[in-house]
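Chemist: So TrEMBL says this about it:
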type: DOMAIN; residues: A:320-487; note: domain 'Helicase ATP-binding'
type: BINDING; residues: A:Cys550, A:Cys553, A:Cys590, A:Cys593; note: Zn(2+) 1 binding site
type: BINDING; residues: A:Cys559, A:Cys562, A:Cys577, A:Cys580; note: Zn(2+) 2 binding site
type: DOMAIN; residues: A:585-752; note: domain 'Helicase C-terminal'
Amino acid sequence: MSLTFDFVSPEPAATDRVTLFADVILPLPLPKLYTYRVPYEMNDEVVIGGRVIVQFGAKKTLSCIVAAVHETPPAQYQAKYILEFIDDAPVVTQPQLKLFRWMADYYMCTLGEVINAALPSALKLSSESRIQLHPAFVAEGSPYPISEPEQQILTALSTEDGKSMTFTEVGELLGVSSFHKVIKSLMQKDIIFLFEHLADKYSPKVVKKVRLAHHFIEESALETLFGQLAGRPKQLDVLMRYLQRVPVYQNIHANHRGLEKSALTSSPHLSPSAVNTLIKNGVLEQFDVIVSRFPLDDEPEAKLHFTFSEAQTTARDEILTQFSQRDIVLLHGVTGAGKTEIYIELIRNALDGGGQVLYLLPEIALTAQIVTRLMRVFGTRLGVYHSKFSDNERVEVWNGVLSGRFQVVVGVRSAVFLPFDNLALIIVDEEHESSYKQYEPAPRYNAREVALMMANYQGAKTLLGSATPAVETYYQTRAGRWGLVQLTKRFGEAGLPEIELVDTRKHREAKKMHNHFTPELLSEIERKLGLQEQVILFQNRRGYSPFINCLDCGWIPKCKNCAVSLSYHKHSHELRCHYCGYNDRMPVECPACGSRALKTVGFGTEKIEDDLKIMLPAANVQRMDLDTTRAKNSYQQIIADFENQVTNVLVGTQMVTKGLDFANVSLVGIINADSIIHYPDFRAHERAFQMFVQVSGRAGRKGKKGKVIIQTADPTQVIFDKVIRNDYLEFYEYEIGQRREYGFPPFMRVIRLTVKHVDQLLAEQAAILLTQELVERLGREAVLGPEAPYIFRIRNFYLQEITVKIDREHTVLKQAKAHVLAAMNVVKDQKEFKQARLVADVDPM
DNA sequence: AGCACGCCGACT
DNA sequence: GTCGGCGTGCTC
């Protein structure tokens, strides 16, 4: 990039001119800020939180965020000049910078890593960034004046369809170094848009739709048409279906909006060629619609009205009362009690007071349904921040929050990074969810904790919602620090489901198991299907079987990068590693001995689906797990099919435990409860309890009492008793006792350190040294390990884990983290461990 | 994170 | 004899 800065030699000093320096945050994992010099004539242009372009190292030009401006020249080195100023207003606000500093500190990572995670990549410019003409831009129709350099770029981009240019090329074209302002201006006028990688090139999602040709809308014309089609039953079928789906007469606009063509062509009862014939003969007309990535309901509801139950009204009032004394309130409400309506009320309330609102949901729960519902209430004031969104869409939300266009944002984990500066309320729904915690890469933050800190900084209230609150959260309410509001009644008077435990060991000994189904579960499924009711089956493992085994020589295929056996996936006929993604074809014969006796061992969702299809051929079984929902809209499709009762049985992993409510589900089966309970982790019981209760909550809606069948080899395990009676409190009392006794959160804080090394011995040695250094600084009792985790090698790295327990008190915690960092640095500075990677995870989940 | 500088194996 | 492997250190 031709970004050699032709710095104009300073004017003779008329007045005492100040020399300004800016500390910038580079979007890199570097421990400190870098100081650049502001050119005199740009002194008025520096904005804290604005982006500037600097040269970093010999080659790289990067955009970064100004974190501070001062007059202290660096003593050790000559500061380079800032090359360009992109923004005249902050893109990162002051409250954000404060929050990001806290995050870097608390989660033991660099500010650069936080910035990197926070900014949508279209805000992170580099010389490799590319621009493309906006598909919606038409040269004649632009309402904005276009400057000379802008026109130059426009012309260059118009030479061919979809042409793109890098910033370097733009710089060369214009022959000046300061072209970012031009690009920014073009972006604001919606003439171009920006992307980082060729893969991000804008390709609008187009849906083919059909509608009735307008001259048939007339009732008499339609009569005639029916007459003409009398001898063409297939075409008549299509037409009937169309009229059935689109209320042409009740609503004139309905026909204009039309119907997705696929709704007609993919129906098993209709002939696709008949659809095409109708189009060819001009009865139906086909048209394309550019749709949002987020499939929204295209039938806006005229008015939103929900009637609050008495319990809901009471809960809402109580929350408001508690907020007058406390900043944080937990809404403990059983599934199906109608928490969302309460949220909507509270959001409306906060907006009326002039503040901003952030509504966080776990990824899996941020569905089209909830967005549509919120859209109907909040209209264009609502921004949606979802990980499935393209970068351009994310920048739009970011800028919308900055400009005040979006007052409410509903979003996933990363929405805590958005540039709010006037928050009145944050809602964290399903606050116990582990998906609020980011594992990889840094920052390893928990959005719930970040939200609480952000609310604290901005003087906002926080409402946490859950049917099964995290033990840490409930503890805070018990200690009187946070408020607690209970919402125990299910909406519409549906009782809690009846839960039955079935002993798989007994059945197995008596040879009564049908594959992995107990007779109880199987007959109950049959019974429910006979009643036209639906069934959800939960199995917390995907694939067909966790491994295969040669019956003759005992060979078991293992992953070459990880210390795990390869899972068998029948559908794709592959062996796959669930940790690194390695896959191989399923062998016909054993590569070790040539035997063909390869047997699958254990079971996952795929096998459950398979077995059920064989045992109950009449049932329509669908599977929902990572493998069937990878494609873009397949998740929506599976949900829609189940909702419309196209499928009767839904088999799935965790995905089926949360999110959607289905009115017709009357039975939930947990195929193997034991694999969930027996997990080597202090949170295993909590996770199991949450999972059982959440999945049970899927059973029985709209007045129907549901049933849950839990299959286990040992029905006497203590946790079941609490699940059956849905006794959160008793579970909590038991669990908190355990946590106190063994010194786990909320009584202590945990930092998990992981040492990774390609060499097993070096990993162990580095971990031993790290442990010694930790013990020296924190004491023996604070350090657990080192220990190789159950899966001790992932992606060719051998792992060692050390758990550090620290007192919760703030000053102690801060000090302890400094000690941990010091210990880590000792190991890093050892040259034999140069290739070791050390990772700190604060508050791991 | 990149990228340059710097020391040891298979090639014209 | 050189080209290039990636190990280590630095970037205001």
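Each Cβ is built from the backbone N, Cα and C atoms, and glycine gets one as well.
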Chemist: Taking 8 Å from the centroid of the Cβ atoms of A:Cys559, A:Cys562, A:Cys577, A:Cys580 as the cut-off, which other residues in that chain fall inside it around the Zn(2+) 2 site?
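Modeler: Not counting the recorded site residues, we get A:Lys560, A:Asn561, A:Val564, A:Leu566, A:His578, A:Tyr579, A:Gly581, A:Tyr582, A:Ile794, A:Arg795.
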Chemist: What is the one among the binding-site residues A:Cys550, A:Cys593 whose Cβ has the most other Cβ atoms less than or equal to 10 Å away?
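Modeler: Sorting the candidates by Cβ neighbours within 10 Å, the top entry is A:Cys550.
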Chemist: Taking every residue in the domain 'Helicase C-terminal' (A:585-752), what is their average pLDDT?
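Modeler: Summarising the domain 'Helicase C-terminal' (A:585-752) by its mean pLDDT gives 87.
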Chemist: Can you list, in sequence order, the residues of the same chain other than A:Cys550, A:Cys553, A:Cys590, A:Cys593 whose CB lies within 8 Å of the CB centroid of the Zn(2+) 1 site?
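Modeler: The surrounding set, listed in chain order, is A:Leu551, A:Asp552, A:Gly554, A:Trp555, A:Pro591, A:Ala592, A:Gly594, A:Ser595, A:Ala597, A:Leu598.
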Chemist: Could you round the CA separation between A:Cys550 (Zn(2+) 1 binding site) and A:Cys559 (Zn(2+) 2 binding site) to a whole angstrom and send it over?
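Modeler: About 16 Å separate the Cα atoms of these two residues.
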Chemist: For A:Cys580 (Zn(2+) 2 binding site) and A:Cys593 (Zn(2+) 1 binding site), determine the Cα separation and express it in whole Å.
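Modeler: A:Cys593 (Zn(2+) 1 binding site) has its Cα 27 Å from the Cα of A:Cys580 (Zn(2+) 2 binding site).
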Chemist: Spatially, which candidate from the binding-site residues A:Cys553, A:Cys590, A:Cys593 is nearest to A:Cys559 (Zn(2+) 2 binding site), comparing Cα atoms?
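Modeler: Smallest Cα separation from A:Cys559 (Zn(2+) 2 binding site) among A:Cys553, A:Cys590, A:Cys593: A:Cys590.
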Chemist: Taking only the Cα atoms, work out how far A:Cys562 (Zn(2+) 2 binding site) lies from A:Cys590 (Zn(2+) 1 binding site), in Å, as a whole number.
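Modeler: For A:Cys562 (Zn(2+) 2 binding site) versus A:Cys590 (Zn(2+) 1 binding site), the Cα atoms are 21 Å apart.
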Chemist: Quick check: of the binding-site residues listed here (A:Cys553, A:Cys590, A:Cys593), which one has the Cα closest to that of A:Cys577 (Zn(2+) 2 binding site)?
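Modeler: Going through A:Cys553, A:Cys590, A:Cys593 one by one, the closest to A:Cys577 (Zn(2+) 2 binding site) is A:Cys590.
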Chemist: By a 10 A CB contact count over all chains shown, which of the binding-site residues listed here is most packed: A:Cys553, A:Cys577?
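Modeler: Of the binding-site residues A:Cys553, A:Cys577, the highest Cβ count within 10 Å belongs to A:Cys577.
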Chemist: Which residue, out of the binding-site residues A:Cys559, A:Cys562, A:Cys580, A:Cys590, shows the minimum number of other Cβ atoms inside 10 Å of its Cβ in this structure?
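Modeler: Per-residue Cβ counts within 10 Å for the binding-site residues A:Cys559, A:Cys562, A:Cys580, A:Cys590 bottom out at A:Cys580.
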